[in-house]
Amino acid sequence: MKTVKRSIGTLALAATMILTISCKDANQKEATAAMDNEAQQETTKNSGDIAMNDSQESSSEVILKDYFNLKDALVNDDQAKAKDLGMTLTTSLKSFDVSNYSESEQTELKDIIEDATEHAEHIAKSEIKHQREHFKTLSKDMTDMVAITGTEVKLYEQFCPMYDGGTAWLSTKEEVRNPYYGSQMLKCGKVQREIN
Amino acid sequence: MIQFFPTERNESYATPDTDFMLVNNVPEKIQKKLQVSCYDCHSNNTAYPWYNKVQPAAWFLKDHVKEGKAELNFNEWDSLSDRRKKSKLRSIIKQIENGEMPLESYTFIHRDAMLSNVDAQIIIDFMAKLKDSLN
């Protein structure tokens with residue numbers, strides 16, 4: 001009898017927990033949908049701006065711009081903003097048109113975009129510690145993307161030896177502002193490579 | 001009344017060629033741990049608990065498994081590119097390191113799915129080695 005009671009208790013508790021989680025999810029989804037809309041509008045606006053130049057380049061430039069905004073949010077320890085920007089980046093990644101690249105480049109780019117999208121999506125729904133973990137791999141994806149697409153902007157690949165056994169990221173500025181530690185260790189790191 | 005609504009079950013007994021255990025040389029001890037602690041939600045085959053016979057638990061469980069599989073499906077491991085595998089391995093390592101996986105809401109009922117510190121370290125070391133072996 002005791003076991004039955006315990007089982008029923010367990011079940012009730014499990015059900016309550018799951019219910020709570022589901023409700024939270026529903027709220028999140030609504031919020032996400034709203035943000036998605038905004039993000040989409042913003043992307044359309046942005047690609048409109050740059051479409052004057054080369055339409056092939058524009059998309060990877062938009063992606064980079066979203067990435068740098070996201071990096072700045074992490075530098076500023078701003079989890080909520082990073083969340084929004086993760087969503088914005090997700091949208092621009094998904095709308096990246098790779099058709100102008102060679103076949104082998106397309107395969108590589110699609111792989112990079114798929115991976116980066118997953119990290120951006122996680123950043124859009126995580127706490128800051130997780131956001132930074134995903135930002136690490138996202139940075140690697142962005143670096144590999146730039147190796148194929150190139151960029152008009154001068155970039156600095158920066159490196160922090162302390163975070164997770166040594167971690168790199170990209171920046172448009174030479175001075176180091178660390179997105180993995182934020183205010184905790186703002187200037188930890190060095191420029192390890194210049195791109196362009 | 002809702003007890004009469006059946007739920008689609010996540011059960012497939014054939015192990016596909018792309019399975020994590022098949023394509024990687026996983027030591028038997030780690031295989032067992034992964035099976036018990038991860039495969040219920042992260043593969044095409046769930047060993048269902050008794051409460052799956054009770055609604056609404058079965059519905060919740062179904063969503064839960066669906067989410068888990070979307071994030072990571074060990075059965076489809078080898079269909080991922082090296083880049084994706086490395087990403088997944090990094091996440092696996094981080095989640096276990098931080099004690100976020102297996103989920104507490106799961107180990108609360110599946111006591112045998114809990115990972116001791118030693119088990120966790122063995123799995124982390126294995127996953128890290130696998131990650132380093134990829135390009």
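For all residues, glycine too, the Cβ spot is worked out from N, Cα and C.
Residues or ranges marked as compositional bias 'Polar residues' in TrEMBL: A:38-56.
In the predicted model, the domain 'DUF3347' (A:63-152) has a mean pLDDT of 96. Residues or ranges marked as domain 'DUF3347' in TrEMBL: A:63-152.
The region 'Disordered' annotation in TrEMBL covers A:32-56.
Sorting each residue of the domain 'DUF3347' (A:63-152) by its DSSP state yields 72 helix, 0 strand, 18 coil.
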